[in-house]
Amino acid sequence: MVTTLRQTDPDFEQKFAAFLSGKREVSEDVDRAVREIVDRVRREGDSALLDYSRRFDRIDLEKTGIAVTEAEIDAAFDAAPASTVEALKLARDRIEKHHARQLPKDDRYTDALGVELGSRWTAIEAVGLYVPGGTASYPSSVLMNAMPAKVAGVDRIVMVVPAPDGNLNPLVLVAARLAGVSEIYRVGGAQAIAALAYGTETIRPVAKIVGPGNAYVAAAKRIVFGTVGIDMIAGPSEVLIVADKDNNPDWIAADLLAQAEHDMAAQSILMTNDEAFAHAVEEAVERQLHTLARTETASASWRDFGAVILVKDFEDAIPLANRIAAEHLEIAVADAEAFVPRIRNAGSIFIGGYTPEVIGDYVGGCNHVLPTARSARFSSGLSVLDYMKRTSLLKLGSEQLRALGPAAIEIARAEGLDAHAQSVAIRLNL
């Protein structure tokens, strides 16, 4: 049964707070098993990868090789429908152009004392991209993770992807080449994360790891963090649609189901001020559910985690939307643009009835790797900046040191750090 919350109910605040705190996935306690895998890969390298791949993916890497060859990628292009390849090229080009606008500029200036300050940006040298296998092996995710790295100037982009029973999604290989991925390895799970972090005889280590994965992959990313950087630990997908009665209920229902079909733990929320419209959308959802290939997944998601929130008016929707802090926020109301400046917390905002979130998934150009589970309150979607580092610059001459040095000495001595004070004083003959 879909959850319905009415703002006019006296216990609405209590129910809404409980709704916000609800968990959509059970965290498996896999840390001990994952730590054993990570430690073994760190010790044994390729030997451990071969063993785990036989056990978990039923593939003999001694026969296939760990690395995916150029010939295999060529074959993937031959197998891929030409229309799909063209669509992926369009997506790639739009992602590239949008992310190029995110490139930061170096800055250097001289202040009133003559001190030179500034910062410069450099790309991370090597990054690893984890791509899940099976039903979650999406070529669009390859583009979304790899293209910002390419735009940032990352020298080496390494992709790992499991090959259950020896099978790789050809479109994933196509997307990898289109995005400029440097190396591809047919390994997955926690063992692939460990290989990227520590290196093996075949796989050289990287400096940062990005990409989604299951509980084992997420645990491995947490374990290796510090040795390498990571992007985020993403949860199930979610959408909040704020819509008025002038929308076509079938359109809104389709958008809700586009999230629901991702995962049984995905969440689709409708927020409206019109109960009759809400009922019409719910009826449209039920009609459309039975037309989907992933009916079982979408039905479970909508039944267990779907929600309708009835507000008194759309002015009340804004603070509620900010508290939900949805990964995806669709605003389909008469003056959608007026809402946008007042939304503080959302991973990505889709403005107007002709901007379904699905366009953002594929060809809009914005990144679809976004914060979930209310983490949009404090974090952002993947961007070029995730593949870059900022280094501060500072330059003083003798005059500037004489002007600033005494204050530095004073603070150092107050903190009991004599060597700090001496580092400046010795230059000033103090």
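Every residue gets a Cβ built from N, Cα and C, even glycine.
Going by Swiss-Prot, these are the annotated features:
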type	residues	note
ACT_SITE	Glu327	active site, proton acceptor
ACT_SITE	His328	active site, proton acceptor
BINDING	Tyr130, Gln191, Asn214	NAD(+) binding site
BINDING	Ser237, Gln259, His262, His328, Asp361, Glu415, His420	substrate binding site
BINDING	Gln259, His262, Asp361, His420	Zn(2+) binding site
(request) List only the single closest residue to Ser237 (substrate binding site), chosen from the recorded positions Tyr130, Gln191, Asn214, His328 by CA-CA distance. (result) His328
(message) Same chain, not part of Tyr130, Gln191, Asn214: whose C-beta falls within 8 angstroms of the C-beta centre of the NAD(+) site? Give them in sequence order.
(response) Pro132, Val160, Pro162, Gly188, Gly189, Ala190, Ala192, Ile193, Gly213, Tyr216, Val217, Ala220
(request) By CA-CA distance, flag whichever of Tyr130, Asn214, Glu327 among the recorded positions is nearest to Gln259 (substrate binding site). (result) Glu327
(message) According to DSSP, collapsed to three classes, what secondary structure does Glu415 (substrate binding site) have?
(response) coil
(message) Using a 10 Å cut-off on CB atoms, tell me which of the binding-site residues Gln191, Asn214, Ser237, Gln259 is the least crowded.
(response) Asn214
(message) Within a 10 Å radius of its Cβ, which of these recorded positions (His328, His420) has the fewest neighbouring Cβ atoms?
(response) His420
(request) Would you give the longest CA-CA distance, in whole angstrom, between residues of Tyr130, Gln191, Asn214, the set recorded as binding NAD(+)? (result) 13
(request) With substrate as the bound species and Ser237, Gln259, His262, His328, Asp361, Glu415, His420 as its recorded binding residues, calculate the greatest Cα-Cα distance and give it in Å as a whole number. (result) 56
(message) So if I draw a 10 Å sphere around the Cβ of His262 (substrate binding site), how many other Cβ atoms end up inside it?
(response) 23
(message) Give me the CA-CA distance between His420 (substrate binding site) and His328 (active site, proton acceptor), in Å, as a whole number.
(response) 49
(request) Whole-number Å only: compute the distance from the Cα of Asp361 (substrate binding site) to the Cα of His328 (active site, proton acceptor). (result) 10
(message) Between Glu327, Asp361, Glu415, which of the recorded positions has its C-beta surrounded by the fewest other C-beta atoms within 10 Å?
(response) Glu415
(request) Would you kindly give the Cα-Cα distance separating His262 (substrate binding site) and His328 (active site, proton acceptor), rounded to the nearest Å? (result) 13
(message) Applying a 10 Å Cβ distance cut-off over all chains shown, what neighbour count does Tyr130 (NAD(+) binding site) have?
(response) 27
(request) Could you measure between Tyr130 (NAD(+) binding site) and His262 (substrate binding site) for me? Cα positions, answer in whole angstrom. (result) 18
